[in-house]
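Visitor: According to Swiss-Prot, the signal peptide annotation covers 1-19, on the basis of sequence analysis. For Asn117, Asn177, Asn246, the entry in Swiss-Prot reads N-linked glycosylation site. The disulfide bond annotation in Swiss-Prot covers Cys154-Cys197, Cys188-Cys230 and rests on similarity to another entry. Taken from Swiss-Prot, the feature active site covers Cys157, His297, Asn317.
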Amino acid sequence: MAQWTLLIVFFCVATAAAGLSFHDSNPIRMVSDMEEQLLQVIGESRHAVSFARFANRYGKRYDTVDEMKRRFKIFSENLQLIKSTNKKRLGYTLGVNHFADWTWEEFRSHRLGAAQNCSATLKGNHRITDVVLPAEKDWRKEGIVSEVKDQGHCGSCWTFSTTGALESAYAQAFGKNISLSEQQLVDCAGAYNNFGCNGGLPSQAFEYIKYNGGLETEEAYPYTGQNGLCKFTSENVAVQVLGSVNITLGAEDELKHAVAFARPVSVAFQVVDDFRLYKKGVYTSTTCGSTPMDVNHAVLAVGYGIEDGVPYWLIKNSWGGEWGDHGYFKMEMGKNMCGVATCSSYPVVA
């Protein structure tokens, strides 16, 4: 067994040394020196080289032969999902990303939060004004959207949606960018019906920040991606919340008005199996739900537009900059797709 473990580690290290990436134009030539060793482990397959490129690009490490074979099998199954979906010529395409060797069950466990009832949005308090909305909006162009972050193996999406909204509100109000602490929310916001790496809601996080006295910076309270003891220090507070504005459940007209004229808005929706492999285009689904108890992932709506005649929401995710369209995705607008307008709110900062 030790011999096989060494072989697997060598495979990963050797590909990294070669500087190979998943998009290299001639990967077969570059991996030919190790191809024979790789095939000894996973057997001859038309997906072997693709798997080698994938493992190198995303720094995959498999400790045993059985684990490597298992991941290769999952990878091959996900390739088939990508291929069959893209053949349908939908408004979006799937592609290989760092989740391509994960099962749906693993993904759901590590990346998604438990469903929670968004009671705060049963009756919203955002006021629509009688004004013509711009045809499209992208807050990134105004320099107030912070960089895409990665929540890691923790169902803390709600904290990244919260900090993303606050970082944008802060930049809008004070003219400078800031990176805020997700870990403080993971560790300290439990009294407001949040559950750290097991899920939570931005609306409840805004309440915690308001009554706790503020949120620290990322630098002062860095992210670990694990549940921990609360280490909040008031001296390090960087932003305070005066209150939050909730969008009425399912009211996409309110949400669009808020995104157009207020600022980026925290939203939540239901992630289903194929979404984890999203690459580009306007995502739509016939299998996701749209009730408050369906939504399982919080993100940040930063704009909207129209692509090939289909209106969409432009949304910032928290799965890293290599996922999707540079960390972003587009979701069809007008149908409350996957519950995107079911649980929406934005903060007012001080």
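Placed from the backbone N, Cα and C atoms, the Cβ positions cover glycine too.
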Visitor: Can you tell me the CA-to-CA distance separating Cys154 (disulfide bond) and His297 (active site), as a whole number of Å?
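Guide: The Cα atom of Cys154 (disulfide bond) is 12 Å away from the Cα atom of His297 (active site).
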Visitor: Can you grab the distance from Cys157 (active site) over to His297 (active site)? Cα atoms, rounded to a whole Å.
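Guide: That separation, Cα to Cα, works out to 6 Å.
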Visitor: Measuring CB to CB from His297 (active site), give everything in the same chain under 8 Å that is also at least six residues away in sequence.
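Guide: In sequence order, the residues whose Cβ lies under 8 Å from that of His297 (active site) (at least 6 apart) are Arg111, Leu112, Gly113, Cys157, Ala268, Phe269, Gln270, Val271.
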Visitor: Given the recorded positions Asn177, Cys230, Asn317, find the one whose Cα is closest in space to the Cα of Cys197 (disulfide bond).
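Guide: Of all the candidates listed, Cys230 is nearest in space.
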Visitor: Can you check which residue among the glycosylation sites Asn117, Asn246 has the largest number of Cβ atoms within 10 Å of its own?
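Guide: Most Cβ neighbours within 10 Å: Asn246.
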Visitor: Return the member of Asn117, Cys230, Asn317 nearest to Asn246 (N-linked glycosylation site) in space, with distance defined Cα to Cα and candidates limited to these recorded positions.
Guide: Asn117
Visitor: If I take the Cα of Asn317 (active site) as reference, which of the recorded positions Asn117, Asn177, Cys188, Cys230 has the closest Cα?
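Guide: Going through Asn117, Asn177, Cys188, Cys230 one by one, the closest to Asn317 (active site) is Asn177.
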Visitor: Ranking the recorded positions Cys154, Cys157, Cys197, Cys230 by other Cβ atoms within 10 Å, which is at the bottom?
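Guide: Fewest other Cβ atoms within 10 Å, among the recorded positions Cys154, Cys157, Cys197, Cys230, is found for Cys230.
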Visitor: Taking DSSP three-state, what's His297 (active site) in: helix, strand or coil?
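Guide: Once the DSSP labels are grouped into three classes, His297 (active site) ends up as strand.
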Visitor: Go through Asn177, Asn317, the listed recorded positions, and name the one with the sparsest Cβ surroundings, counting other Cβ atoms within 10 Å.
Guide: Asn177
Visitor: Sequence gap of 6 or more, Cβ distance under 8 Å: name the residues on the same chain that satisfy this around Cys188 (disulfide bond), in order along the sequence.
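Guide: Listed in sequence order: Tyr208, Asn212, Cys230, Phe232.
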Visitor: Indicate whether Cys188 (disulfide bond) is helix, strand or coil by DSSP.
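Guide: Once the DSSP labels are grouped into three classes, Cys188 (disulfide bond) ends up as helix.
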